[in-house]
Structures are given as C-alpha cells and as structure tokens.
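**Student:** Among the features that TrEMBL reports, transmembrane segment is placed at A:6-28, A:40-59, A:71-93, A:114-143, A:187-206, A:226-245, A:292-323, A:343-364, A:403-425.
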Number of protein chains: 2
Amino acid sequence: MKAILHPARAVTLAFLAAVMVGTVLLMLPAARADGSGAPWIVALFTAVSAVCVTGLVTVDTGTYWSAFGQATIMVLFQLGGFGMMTAATLLGLMVNRSPRLRTRLMTQTESRTLALGDVSSVAKVVLVVTVLVQLVVAVILILRLHLGYGFGWLEAGWSGLFHTVSAFNNAGFSIHADGLSRYASDAMILGPVMLAIFIGGIGFPVLHDLRHRWRDPRHWSLHSKLTLSGTLVLLAGGFLAALVFEWHNPRTIGPFAVADKLLNSLFISVSARTAGFNAIDIGALTHETWALHYLLMFIGGGSAGTAGGVKVGTVAVLFLLVLAEVKGHPDAEAFGRRVGTSAQRQAITVLVLGSVVVAVGTIILLRISEFPTDQIIFEVISAFGTVGLSTGITAQLPVTGQLVLALLMFFGRVGTITLAASLVLSERRMPYRYPEEHPIVG
Amino acid sequence: MKAILHPARAVTLAFLAAVMVGTVLLMLPAARADGSGAPWIVALFTAVSAVCVTGLVTVDTGTYWSAFGQATIMVLFQLGGFGMMTAATLLGLMVNRSPRLRTRLMTQTESRTLALGDVSSVAKVVLVVTVLVQLVVAVILILRLHLGYGFGWLEAGWSGLFHTVSAFNNAGFSIHADGLSRYASDAMILGPVMLAIFIGGIGFPVLHDLRHRWRDPRHWSLHSKLTLSGTLVLLAGGFLAALVFEWHNPRTIGPFAVADKLLNSLFISVSARTAGFNAIDIGALTHETWALHYLLMFIGGGSAGTAGGVKVGTVAVLFLLVLAEVKGHPDAEAFGRRVGTSAQRQAITVLVLGSVVVAVGTIILLRISEFPTDQIIFEVISAFGTVGLSTGITAQLPVTGQLVLALLMFFGRVGTITLAASLVLSERRMPYRYPEEHPIVG
Ligand SMILES: [K+]
Ligand SMILES: [K+]
C-alpha cells in the first residue's frame, strides 16, 4: 500500500493545518487568562511560533494565556517537533536509504511516494525516544523544583513538564517572562534542560546510529559523524566565544562566580543554536555576542530533529568542499568517505536560498520599522532558524512585521527541509549537454 | 624566456612593496600640508587604501596632504589599479587561455610560469585603455570645472585629473572632504565619472570582447556575458532600491527634484559596487540603503579590472548553480554553455572565504570598538570590497581597528584574486577515491 501525496507538499500542508487549528484554538476566550479572546494576529503569531518550535512571542506566555492556552501551545510545539522529526527522517530515508543511493533514488523519483509501513514504524520509534527522554528530564526538573524551590507538586509538575517538552522540541517557550533567568546559577535545572535540547536537536538519524552502533563508531553514517563533530565544534566555539565576549559584561555574566560564568556561557552556546531559551537577558549581551548568535542561529542543529537553521550537516558539507578546493583535492571527503556531488549542490542551494531569505527579510523589516539593524538581523535570523531568542523588539513590531516573522519561521522550519527533499526528488538527466566554459572567478 | 616566481606570490609581493614605498613617501614632511610629517599609522593606512584602490581615509585627503602627498596618493592608486588589471588578466589567461582548458591547465600547472612576452603585451593593452579612457574623461571634467564653475585652469586641471584617475581605478579618493557632494545635481560631472567607473570596473576580459567582437555578441566569452548581464541586473536593482529607500529621506535625496533623485540613485548604485565616491552623505542614508550597500559592496565589479569585491562573475556562477539545482538540471548553464565544475567550486570557495573574512573582521572590530554593528559591518565590507565608502567612523577607530581595516583591504584586493588563481593552479588528481556517501542536507 502506498501513500498518495508528494511528500514535501504533504509536510507543508500538515504544518499549515496545524497552524490554522492552533490559531482558532488560541482565539477562544478560554485560551486567554482574562477570558476575552486573543486578537487574530496574537493567536496566529503564537500558533506559528509554537508549531514551528520557535518560541518568539508578542505576549508573555505565562500571564497572557490561561492554563488551557498554555497547554494548547505546549501540544502545538510537541506536535510540531514530533511531526518534523518524523517527516524529516522519512524524507531523509527516501533519498538516503541505502549506500546504493542512485538506484534507490531513481526508483523513488519515479513513484514519489512513501510506503505507509515506513511512516508508522519511523513514527513509532520517534515517539518512544520522545516519551523516554522527556520522562527522564521532566522527573528531574519536577523533583528539583519541588525539593529545591519549595514549589507545590502541581506547580512543579506543570512548570517541569512545560519546560521539558519545550526543551526537547527546541521550542524555547517558557511560562516565565524572563525565560530561565531565575535558574541561571542552578546546574540542576540548566543541565537537564541542555541535555533535552541536545538530544532533541541532534536529529533522529544520529540518535539511531548512537543507539544501534554505540560501541562501533567506525560504522556510523557519514551524516552522523559530520553532525556530531560539527556540533561539538560549534558548542565548544560558541562556549569559548561567549565566555570571552561576556566575561566582563556587568549586565550579564560579569558579576557571576567563575563556575556560573562557565555554566551560562555553555548554556548560551547550547541554546543559541536553536533552542532559544535564555538564562540571561539577550538584550544586554555585547554586540559581538549578538554577532556570534547570528552565526550559531543561522547554522542551527542536526537534520531531521527538532532543531532549526540550515543544519550542521549542511554547513559541514560546505566546509569539506572548500577544504578540498583549498587543498587542491578533487573530492570533498571526510572520515574515509567522499561527499556526493549532488549533496554538495543541495547544501549550497539550501545555504544560498536561506541567506537570500534572511537578507530579504532583513531589508523588509528595516523598511517597515525603525529598529536598529543589529536588532532586526537578530530577530530575522532567530525567526528563520526557529530559535526564538529576541533582543526584545518582537512585540513592538507592526502587524506587517510580525507577519513577516511568521513567514520566516514557517519557511525556516518547513521550507529548508522540504526544499532539500524536493531538490533530490526533482533531479533528472538532460538529453543534451552544452559545451563547457570556465568563466573567471575572483 | 620565462619568469621565475609563482604568479600569485609575485602579485602579493609587488603589492606589499608598493604599500611600503607609499608609506615611506607619505611619511616625508613634504607629503603633508603643514610640513610636519604624517604619523606611521596615517601614512600606512593611506598607502594601503590607495594601492588597494579603496578610498577609506582617516584624514581629509584635500587638506591633510600637500600637493606632493596628493600626487603620491594618485600615483599609488593609478599603479594599484593598473597593476591589478594587468596581473589579474594574466592570471586569468593562465587558467583560461583557450576552450581546451583542461589541457592548457595541466601544462601550466606543471610549469607554473608566465612567459614575459605575455606580460608585456597585456600590460601594453591595459596601458592604452587606461590612458585613452582617462584622457577623454579628464578633458570633459576639466572643461566642465573651468567653464561651469569658474575654476582656474590649474585648479580645474588638478581636480579633474585626480577625480578621473580615481574614478577609472575605482579608487574613490577625492580631494574634497565631502566627496562629490557639491556636484550632486550636475550630470556633466557625475555622468563622466560614472562612465570611467564602469569602464575601469567591468574588467579587462570584457573590454577585450567589447572591442574585438563589438558587432558579434554571440561570440563573446561566457565570462563577458555573465559579467555584463550581472552588472546590468545589479545596476538596475541597486538604482531602483536606492530610489525607493531614499525617495522620502529628508537628509539625502528627499528634497531633490525628480531628475536629481534619479541621477543620485543611479550614482549610488554605480558607486556602491566598488568605486566608493559619494555625492550624498553615506551616514545619512536609511538603514535599508546601508543593507543594500552590504550586498552591492560585497559583490563588487568585474574580474580583472579595477573593481573589488568577490566579483560579479563569481556570484553569477553561484546563481547558475543554484538555479540548475532548483530546476533539477545536472549542469549549471547559461547562454548555451555549461559552467565547468571546477569554476563552480572556485566560486564557492571565494565566496565562503570572503564571507568568513568579513565575519571575523566584524567580530574583531565589534570587540575593539564601541560603534554599532551596522556601521561596523558597513566599514568591514567597504574595506574588504575595496569600496571606500564610510558611515564616518574610520578616523575614530583605534589604531588596532585601522590595522584590521588595512588587512581587510589588502586581503580583499590581493587575496581574492590570487586565491582564485592559486586554487586553479593547485588542482591535482588523487591516486585514490573514497567511497561516496550522501549526508542529509537541510
Ligand atoms: K526554538
Ligand atoms: K574604491
């Protein structure tokens, strides 16, 4: 039995449907704390932000929405994260199922379908991972909040559950207006949160390799090796850069003890790449840390997970290509494998189109608002990378600006993944070739 | 008879030597208007800026330097422009002399030399073009300044010559502190200046095609077709964008008559791409026009000319690659030719390394100065693209910041061109290939 829709289109439609249902639910009077019903733009923006696991908000999640509203938001980002992890894994399988890629690819290009059996088995495994990880992290957080902060079980349970689901799905929503700032020096909170962010954001294909070939890293896929090593480089680089850039900043980690400086620099590095939690005020960071965020937020996390951005694997492919060219090698290679040229072209295309989207979004927002460029760039990349960090201007943007951000979130979340899959599926041979010419470069 | 040095290294050394000689000359008391001798950092920065035809300055060219100093600067950017046009053309010939690229390339990779006959014949033609174009433009400007503004012949002659040489070499130096602002509504000045900028900046290979195959555009090289069409798109796009973004700006073209709005928007578009003249205050432009400048300045002009940036042809190759991928075509193609894959890889490498340099330069300058990010990005791209426009912060940067800018100018001018050539010349076959794998992208 076969499914019937072009998979990239099916994913897009599913996410649009989730946004619409979410918007309607959030406009119900019962969703708002004061029972008055939220305006359409607030409901729409929040629904897009939740479904796209971004976390940008124009209202304070903890006080504006009722318990029902908050639960709706949580369900939306849980579904958004779960749906995307499943969908992206399936899309990845379609183009990457076996080493004999070309054969497989050709068959599937013709049929352009997925067997339903694939769908349900992948979904099952993703569900198990999701539930297991969230269970462990939620228990730790709830215990910590109850024992360490004197929260009642109900309050600790709700806060622990909400932040766990938000962390695993890299959603970045918090029921506190200042995010996790109140726990900035509590490794027992930030630690489990970072773990959930990492596991959710590294992507299903890597988790699969880690689980099934734990003792045999040599046989991990090239994708897993690239994603894991790239992630480590980004985490370490982001940590060191944040530490240096913020060390003396009196408005952020400057006054902290050394251990807390280390903890919070690490948290910045982990969270900036796509989760979007903040334990310190983003608006108070130095300009160079903002610039660091531009890079980390644009790159994002692992493919086929809850993370956004253009993905670590994509950037790794570009890096290998440039490295090969600089060394004069004909092949982009790593870990004893060469990267297929079609993967290289797809990586470049995703990066270029992503950059174009960010550039266009930036110019539009500069045009329709009066905020400085650095805050606009931050907001645009945060939306595109579905990060959700903000220097604090989201709520003050005009409605058109918020709609632009919503489009950026949707394209950043759904577009980059479906684009890559569409590129692979649309590959075809041409009946002729033009003669080659070598234009001057540089 | 053969030359003896790796050409990329020879070009780098020649430019370093010119910078050193220029620095020494500008430190002479005779070079400064008050006869006191300029500090080393002022002399060095000015020499780098002149040799690299950038036009960024920390002192006012017209009042700080004596006539001897100004003449030294003019000779430096004349030599810098002439030298680079010649050198880049030669480097381009080495890798691109005939359609049978691969054969040619292999021979030359082994010898890595240039015949001296090539050098002198190319230099001769470049010299003829340089003298002819500058003669025509200078005569027009001098007449206009004498007849239209009542300048004496000496004053008109010096100003006309200086600005002509500066325009043709895309150097952007002016002997007026406010650039060409006093001529902002004079098409008889801005027109010839734009012509000189265009001819100097389109690059020698295109000029060669235009001259020898004027009536036969079908047989122009792919490089010429890409560069000309890309340049037209950028000029038109930049013109329209600047017109829209500045139309109502009371501090720039807002108060102008419609004809002057059109003229100055065109001038912004022509000049932003690498020349670096300004007829209106860059610091007064809207933030969205600054962002437009980021793009135009980074791209720059044509290869093997006086223009900077990563070059129009480089970006055109990337565009064709992405277009092919989106269409599902195996080849990047245009005008009935396909772009060689090695040219694609070189283009990507130049773009990626250029972006990395800009990002690193930005973060360093953010770290060592207190200026807002948008002005820092502007300054960094302006230096890297050897544009020379500034929002006005150059002189206020600390010495380390000015040294960073000097490095950016040098890398932007010498690095991008020698990098591309080195990439081609370093190509080699490997005795083995690894098995292929297709990592997930996006
Ligand atoms: K997020
Ligand atoms: K210039």
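Positions of Cβ are set from backbone N, Cα and C atoms, glycine also.
Help me picture these features in the structure, burial and contacts included.
**Tutor:** Sequence-distant neighbours of the transmembrane segment (A:40-59) (same chain, 6+ residues past either end, Cβ-Cβ under 8 Å): 15, 18-20, 22-27, 31, 65, 73, 76-77, 79-81, 84, 166, 169-174, 276-277, 306, 308, 379, 382-383, 386-390, 394-395, 399, 402-403, 405-406, 409-410, 412-414.
Below 8 angstroms of C-beta separation, residues 52-54, 81, 84-85, 88-89, 91-92, 168-171, 200-207, 223, 226-227, 229-231, 234, 238, 241-242, 245, 269, 272-274, 282, 285, 332-334, 339, 343-344, 347-348, 350-351, 354, 358, 377-378, 381-382, 384-387, 389, 412-413, 416-417, 420 of the same chain, each at least six residues beyond the ends of the transmembrane segment (A:292-323), sit close to that stretch.
Within the chain carrying the transmembrane segment (A:343-364), a Cβ under 8 angstroms from the stretch's Cβ atoms is held by residues 298, 310-311, 313-315, 317-318, 321, 332, 373, 376-377, 380-381, 383-384, 404, 407-408, 411-412, 415-416, 419-420, 423-424, all 6 or more beyond its ends.
If one looks beyond the transmembrane segment (A:403-425) by at least 6 residues along the same chain, the residues whose Cβ comes under 8 Å of a Cβ in the stretch are 6-9, 11-12, 15, 19, 41, 44-45, 48-49, 51-54, 56, 80, 84, 87-88, 91-92, 94-95, 105, 108-109, 112, 303-304, 308-311, 314, 342, 345-346, 349-350, 353-354, 357-358, 361, 364-365, 368, 379-380, 383-386, 394, 397.
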**Student:** Report the listed stretch (A:71-93, A:114-143, A:226-245) having the maximum count of Cβ pairs within less than 8 Å of the transmembrane segment (A:187-206).
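**Tutor:** So the stretch in question is A:114-143.
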**Student:** What residues in the same chain, six or more past the boundaries of the transmembrane segment (A:226-245), come closer than 8 Å to it by Cβ-Cβ distance?
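**Tutor:** Here the qualifying positions are 202-203, 205-206, 220, 261-262, 265-266, 268-270, 272-273, 285-286, 288-289, 292, 296, 299, 301-303, 312-313, 315-317, 319-320, 334-335.
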**Student:** What parts of the chain pack near the transmembrane segment (A:114-143), using Cβ distances under 8 Å and only residues at least 6 beyond its ends?
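**Tutor:** Residues 1-3, 7, 78, 81-82, 85-86, 89-90, 93-94, 153, 156-157, 159-161, 163-165, 167-168, 188-189, 192-193, 195-196, 199-200, 204, 207-208 contact the transmembrane segment (A:114-143) from elsewhere in the chain.
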